[in-house]
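Working notes, structure below.
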Amino acid sequence: DPEMTLLTYLRRKLGLTGTKLGCAEGGCGACTVMLSRYQTHTHHYAVNACLAPLCSLHLVAVTTVEGIGSVARELHPVQERIAMAHGSQCGFCTPGIVMSMYALLRNNPKPKMADVEEAFHGNLCRCTGYRPILEGYKTNSSARILNAFDCKLCFCFLQEATSLFNPADFTPFDPTQEVIFPPDHGHMVKFKNMVYPVILAPAFIPELNNVSHTADGVVFGAACTLSHMGAVLKKAVETLPPHQTEVFLAVLEQLRWFAGLQIRNVAAVGGNIMTASPISDLNPVFMAAGCRLTLMDKDGSRVVQMDDGFFTGYRKTVLRPQEILLSIEIPYSKKFQLVSAFKQSPRREDDISIVTAAMSVTFTPGTDVVEDLRLSYGGMAATTVLAKKTANGLLGRHWGEELLQEACSLLAKEMTLDPSAPGGMVTYRRTLTLSLFYKFYLTVLQKLRLQVSEHSGCFSYPENIPPYLSCHLQAVPEGRSQDDSVGRPMMHLSALKQATGEAVYCDDVPLYENELYLALITSSKAHANILSVDASAAEKMPGVVTCLFADDIPGCNATGPIEHDETVLAHRQVTCVGHIIGAVVADTQLHAQRAAKAVRVQYEELQPIITIQEAIAAKSFYQPIRTIQKGDLEAGFKQADHILEGEIHIGGQEHFYLETNVTLAVPREEGEMELFVSTQSASKTQSLVAKALGVPANRVVVRVKRMGGVSGGRRAGPPFCRLLSPWQQTKTVRCMLDRDEDMMITGGRHPFYGKQGETTPPVGFLNSGKVVSLDVSYYSNVGNSMDLSASVSVSTLIRNSYSVANVRGRGFLCRTNLPSNTAFRGFGGPQGMMVTESWMTDVAQSLGRPAEQVRRLNLYVEGESTPYNQVLDQITLDRCWDECLTRSGYQERRAAVDVYNSQNRWTKRGLAITAFQKMSIFSVCVCVQAGALVHIYTDGSGLHTKMVQVASRVLGIPCSKIHISETSTNTVPNTSPTAASASSDLNGGAVQNACETLNQRLQPYKTKNPKGSWEDWVSEAAYFDRVNLSTNGFYKTPNLGYDFETNSGRAFNYFSYGVACSEVEIDCLTGAHKNLSTTIVMDVGNSLNPAIDIGSYFVFSGGGGFMQGLGLFTLEELHYSPQGVLLTRGPGSYKIPAFGDIPAQLTVSLLRDAPNQKAVFASKAVGEPPLFLAASVFYAIKDAISASRAESGISGPFRLDSPASAERIRNACSDRFTKLCPPAEPGSFTPWSVQV
């Protein structure tokens, strides 16, 4: 089948499910496998199986994660390292990362650390923060990373640093023991459900793969892969005189950041040219260098030059219909010719460009007079363009300040963009054309060996700093039994299975006989009445069994996690793009998806409300509008020495769990239904499915083995799980959303707009910086239904680390026509705390005081009460703050930052320290309960990593005797969601309760035989005495009961605290930034498992953490059109942090001697708290921007919305270049995207 991909073949035909489907566009690396091909020698390379047509793999050997090792057989060292180094959390991405590393080692058994990092450019992980993966695999590298295990000499206090694993335990890697492969490879295509009449694989055509060296340059066949081209050019650079390799170096610089290695291994240079992308990384270089292309058809060949006439329009070239591109000649550079290439993208690694540029200048021999100049840009028009007017205007000029000023003036006039241009960021893109030319200008000055006073502008990115990691754990008390694992680093119990691909996720469940597939029919309009739905064409298509619409729902069509204000299927009206209208059930996924696209829906469009500002203008709010107030606002403002206004917008965030939403519905006898679902709340999913089916909940069993990432997005199960098989309960039905579907249909983190003051002054403060009065309003973009938004808004109002005597906070729920936003790690807290830190920063800047002093002055202290009237006890915020200042060397860093900034004009460093106070558990009493079912068998017992540790301590047995069982509604009913950082507290309490009951039953046998073993007490005594060895445990958080209306009662059981200090470096010309260092100090009580708790900060425990916060505040950006269409629907356009985004230096400390007697074994919740600590990076960026603005004579508070993207950073660094590119007047154009 020419349309079958290698991934489909592996998973559906061979049953090899270790290779995962994460995005279907080659952007996440979850499907990475190794191909092996023999030409003159065997070559191994990693590829994306989701893009590889099976028919292109003739004579190619394919190796999957199952082929290199297994738990039952033997683990490969690559699998073992990632597991033992705690580099696998949810585990969905792990097989792909394993295979990327394996392919690297097959070609290079002793790679440098740079090779390891490059190998992972095409892999994403939402759960680990990447550092433990690199820490594990650095043991395969010839270079070494400094970490606490290697070196404890960086600061004197680091001698207490400890390691989470011992590399000496790893099995050595022996390259001589690997399997020997025979031959070959093929071309990659992403089908996107399209039908291609002819598919050609050019990999076997010799003429298209030849490489030859000529007198003028190197000729590459059009089918040469980018990896091969890079290898040839690298060799040329090493052997040729430097003046001949300027063009080659420019190509290599672009290849360095071109997609991931999996793509470069198969993407052809000819394909890159012929797709004619206006944001191509390589075409500007080819154009600036004047590369020659050989074209051929059946009548002969011709040679054309890549110049301003080659691209004739968007995605069009001069090639005639029957011509093909045969080869490209990349020329040697000439003496006195200098060439540079630049790329600016939202993320450094594996990202599409915002603007690319290549520039070539040739000087009259022996002078600095411009003889020839070519300036080529991508991202500034519908095609790659040459700035010919600018270049011609600079010919004959000396390379100096006058030329620079003239060039910028000419470029600003020539490189214009329509304010509505696709891709948006128009002002930024225009400014980049000037900034990148300035970088080229400085680079050329350096190469000409002229004096350069502003050398910091030459670098495209801040230079790399050797990575460093330090962990400071809590000491395990002396004398504790080695069998007691509580407080010790313990590997994730599923890590080994995840590393071998043997861990079973929902879509890995083997196909049932006659299984059907369901595909969704979704709305293309944000707000419209449905006039008609025509499914006749779909019903006639191959494999289609039926089409489902609202009238086919046998039970109730109304649904929702709390308020039933949603529909299973839209009825008469749609209220967002992606609103599910119906579904197609067919024999295969491909047939179902094609049929779904054939359904025709006619609409009567209504005016949508998309943004928070539109909702405010239309007064489109859900009720109630929550208010929390304490003290006397008016009196506080009278007391204040200063009044300050401010506002900030915090963008939304996509959960982007690597495993998209999936459900498998299996009918059972007597109308029962068994569901395998990726959900955080099995019981809620059970009740909603039963409601839609019109059956009692006891007829529906929901099973959850494991999930490939969560973060709150699976609180009520996938919306489509409620319509699987309601039409007929005789066939198994499966549905797994594609990445673009998942992002379009489901909501994410709420965008927020925070504004200080409405009817009263906003922030009042004293000359000391002490805030005495605050009036703030929080507006959240809720979407088209309430979901959990009311609770999210409450969380926003009450989360705060600072004491303000007189405060009023109001939460407005904006009803808009977007998919309903929902729970996300932090649950509104990060947005609220970002608003708080924004005005706190403004207070410090307006007074000219150090921000850390103002923050420290306002922190909560023991005995103070919160705005919800809860008195704080056992507060450790001050201890965390002081320890973080010490561990980070804050004062020394601040002095060094100031010196650096005084010496560098175009790169600036910033430093910030932020704190947080996080409430424990849900604020809704009904949620703070949990159950556990524990069985003791005569050969072992059953339960998840931390829960196993709890059971191990209570029962007094090794963890090896305890087994994990999946979550299922027929074993433990009425479960609370695994959310709000509550899982360890609630479930741990329930497990403790159950195990203590079992202990009491076993105690007589332990007393009778004190020297006996566990087996003696259980199987030889209690079992024969007919003792019940199974029990239900239950736990509820005591003494909670807050009343929002009266603002009274105890809202929370306890609080978690943490402080982070971060240092960054920004490129003021492009807005790029580098995270230089982060120091974190956290109060987690007595840690149950340091490997997981440390993991929650620079790693992610179950789908969130510090790096997720880093994405929220600095990188991840959802773009919506003014019509409510999500424009960022996959890893190609929506960027989560990658390996290169982790702080270069990282210190994580767990506060010692801070037990919490209000939770299991004196521990604290750790899932959500670390996310907000990444705000320290945001405010370090803002600090660096302030230093840049000071160079232009600008001081005082300024607005910086979140995320602090490269665009926002560059635009905020106001300078002479930004002044040449003023933004268009708002309201004078229709923007490509809007701030929702």
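Glycine too: its Cβ is placed from the backbone N, Cα and C atoms.
Taken verbatim from TrEMBL:
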type	residues	note
DOMAIN	1-68	domain '2Fe-2S ferredoxin-type'
BINDING	C23, C28, C31, C50	[2Fe-2S] cluster 1 binding site
BINDING	C90, C93, C125, C127	[2Fe-2S] cluster 2 binding site
DOMAIN	129-335	domain 'FAD-binding PCMH-type'
BINDING	F258, D281, L325, K343	FAD binding site
BINDING	Q680, R825, A980	Mo-molybdopterin binding site
BINDING	F827	substrate binding site
ACT_SITE	E1168	active site, proton acceptor
Checklist outcome for this item: Candidates C28, C127, L325 (binding-site residues); min other-Cβ count within 10 Å returns L325
Item to check | Shortest C-alpha distance to C127 ([2Fe-2S] cluster 2 binding site) - which of the binding-site residues C23, C31, F258, R825 | outcome: R825
Next on the checklist: Roughly how many Å lie between the Cα atoms of R825 (Mo-molybdopterin binding site) and C93 ([2Fe-2S] cluster 2 binding site), rounded to a whole value?
Outcome noted: 20
Next on the checklist: Based on DSSP, tally up the residues of the domain '2Fe-2S ferredoxin-type' (1-68) by helix, strand and coil.
Outcome noted: 14 helix, 19 strand, 35 coil
Item to check | Cβ-Cβ neighbours of C93 ([2Fe-2S] cluster 2 binding site) (radius 10 Å) | outcome: 29
Item to check | Minimum Cα separation from C50 ([2Fe-2S] cluster 1 binding site), reported as the residue among binding-site residues C93, D281, L325, Q680, F827 that achieves it | outcome: C93
Next on the checklist: Spatially, which candidate from the binding-site residues C125, F258, D281, L325, F827 is nearest to C31 ([2Fe-2S] cluster 1 binding site), comparing Cα atoms?
Outcome noted: C125
Checklist entry - Can you list the residues of the same chain, besides C23, C28, C31, C50, whose Cβ falls within 8 Å of the [2Fe-2S] cluster 1 site's Cβ centroid? => result L7, K20, L21, G22, A24, E25, G26, G27, G29, A30, N48, A49, G96, R739, P1131
Checklist entry - Measuring Cα to Cα, how many angstrom lie between C93 ([2Fe-2S] cluster 2 binding site) and C28 ([2Fe-2S] cluster 1 binding site)? => result 8
Next on the checklist: If I take every residue in the domain 'FAD-binding PCMH-type' (129-335) and average their pLDDT values, what number comes out?
Outcome noted: 81
Checklist entry - Including all protein chains shown, what's the count of other C-beta atoms within 10 A of the C-beta of R825 (Mo-molybdopterin binding site)? => result 31
Checklist entry - Among the binding-site residues C90, C125, which residue has the largest number of other Cβ atoms within 10 Å of its own Cβ? => result C125
Next on the checklist: Considering Cα atoms only, can you say which of C23, F258, L325, K343 is the nearest neighbour of C90 ([2Fe-2S] cluster 2 binding site) among these binding-site residues?
Outcome noted: C23
Next on the checklist: Suppose we draw a 10 Å sphere around the Cβ of F827 (substrate binding site). How many other Cβ atoms does it contain, all chains included?
Outcome noted: 28
